[in-house]
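As recorded in TrEMBL, the features of this protein are as follows:
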{"type": "ACT_SITE", "residues": "D214", "note": "active site, proton donor"}
{"type": "BINDING", "residues": "H14, E189, M190, E191, S213, D214", "note": "purine D-ribonucleoside binding site"}
{"type": "BINDING", "residues": "G30, R34, R53, R97, V98, G99, S100", "note": "phosphate binding site"}
{"type": "DOMAIN", "residues": "26-232", "note": "domain 'Nucleoside phosphorylase'"}
{"type": "SITE", "residues": "R227", "note": "site 'Important for catalytic activity'"}
Amino acid sequence: MVSFDQIEFAATPHLNAKQDDFAETILLPGDPLRAKFIAEHFLDDAVLVNDVRNMLGYTGYFQGKRISVMGSGMGIPSCSIYAKELITEYGVKNLIRVGSCGAVSDQVALRDIVIAMGASTDSKVNRMRFKDHDFAAIADFKLLNTCLTQANKSQLAVKVGNVFSSDLFYTPQPEMFELMDSMGILGVEMEAAGLYGVAAEFGAKALTILTVSDHITQNTHLSSEERQTSFAEMITLALQTTTNL
Ligand SMILES: O=P(O)(O)O[C@H]1O[C@H](CO)[C@@H](O)[C@H]1O
Ligand SMILES: O=c1cc[nH]c(=O)[nH]1
């Protein structure tokens, strides 16, 4: 029987891209089909660089700058695997999540763009990496500042603040939504706190930009087709941000 150590991976257990296939900056949507959509509609000369588990990853150019985009999967464990391998095995330095989220506040509406300055969570991952203490999972200031400057320049309204990264999409604690609203949570999603923890642990910069696809407390939703295709403003904001890094 062949042991795990004896298996020769093309690159990592989860990525079959060649050493310099990824750019220094990568956009990370949860959905690999959103990565394909971004590559096909927003990048020039995009080539597929990863297809392990159909977690499609591409590298191309935006306004002449080399940029990658890849799905990260759903949830902190999946996103953490890809973020860690991209940083430590491929030298990726800037990771920008472009995701969807649910809103819990009447001050936040469907299609709003939320930038996660920080991410609260019910996940234990950052306590695992921080000796059981509370680690403040925050965006990299340079990425955040560059993104906000770009949003202002584009006259694009964004909401900036705290989000909640949940381990369970189907939560057994719906009473949390009211508390989240009262504590200023702008959106509920499933990766930001983990992505920020991985970036801190392995020395990279990370930012999360979200589009509100569901209003949890108002029970309104974008269709799945809209979720995949209607995030143009957020994607453009993320890509324009990368040109100023
Ligand atoms: O649209 P994405 O980026 O996948 O983000 C959100 O959507 C998924 C849940 O439907 C979770 O991954 C959550 O974080
Ligand atoms: O995690 C998520 C993502 C989108 N919408 C939600 O309600 N939750």
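All residue numbers here begin at 1 and follow the chain in the order shown.
The backbone N, Cα and C atoms fix where each Cβ goes, glycine too.
Location within the structure of each feature annotated in TrEMBL.
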{"residue": "R34", "record": "phosphate binding site", "Cβ neighbours (10 Å)": "23"}
{"residue": "R53", "record": "phosphate binding site", "Cβ neighbours (10 Å)": "13"}
{"residue": "R97", "record": "phosphate binding site", "Cβ neighbours (10 Å)": "26"}
{"residue": "V98", "record": "phosphate binding site", "Cβ neighbours (10 Å)": "25"}
{"residue": "G99", "record": "phosphate binding site", "Cβ neighbours (10 Å)": "28"}
{"residue": "S100", "record": "phosphate binding site", "Cβ neighbours (10 Å)": "23"}
{"residue": "E189", "record": "purine D-ribonucleoside binding site", "Cβ neighbours (10 Å)": "26"}
{"residue": "E191", "record": "purine D-ribonucleoside binding site", "Cβ neighbours (10 Å)": "31"}
{"residue": "S213", "record": "purine D-ribonucleoside binding site", "Cβ neighbours (10 Å)": "24"}
{"residue": "D214", "record": "active site, proton donor", "Cβ neighbours (10 Å)": "19"}
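Proximity note: of the listed binding-site residues (R34, R53, R97, V98, G99, S100), G99, S100 have a CA within 10 Å of the CA of E189 (purine D-ribonucleoside binding site), given in sequence order. Nearest Cα neighbour of G30 (phosphate binding site) among the listed recorded positions (H14, M190, D214): M190.
DSSP assigns M190 (purine D-ribonucleoside binding site) to coil in the three-state reduction, placing it in neither a helix nor a strand. With a CB cut-off of under 6 A applied against ligand 2, the recorded positions H14, R34, R97, M190, S213, D214 are reduced to M190, S213, D214. For the binding site of purine D-ribonucleoside, formed by H14, E189, M190, E191, S213, D214 according to the record, the largest Cα to Cα distance is 30 Å, rounded to a whole number. Less than 6 Å separates the Cβ from ligand 1 in the case of G30, drawn from the binding-site residues G30, R53, V98 in sequence order. R53 (phosphate binding site) sits 8 Å from H14 (purine D-ribonucleoside binding site), counting Cα to Cα.
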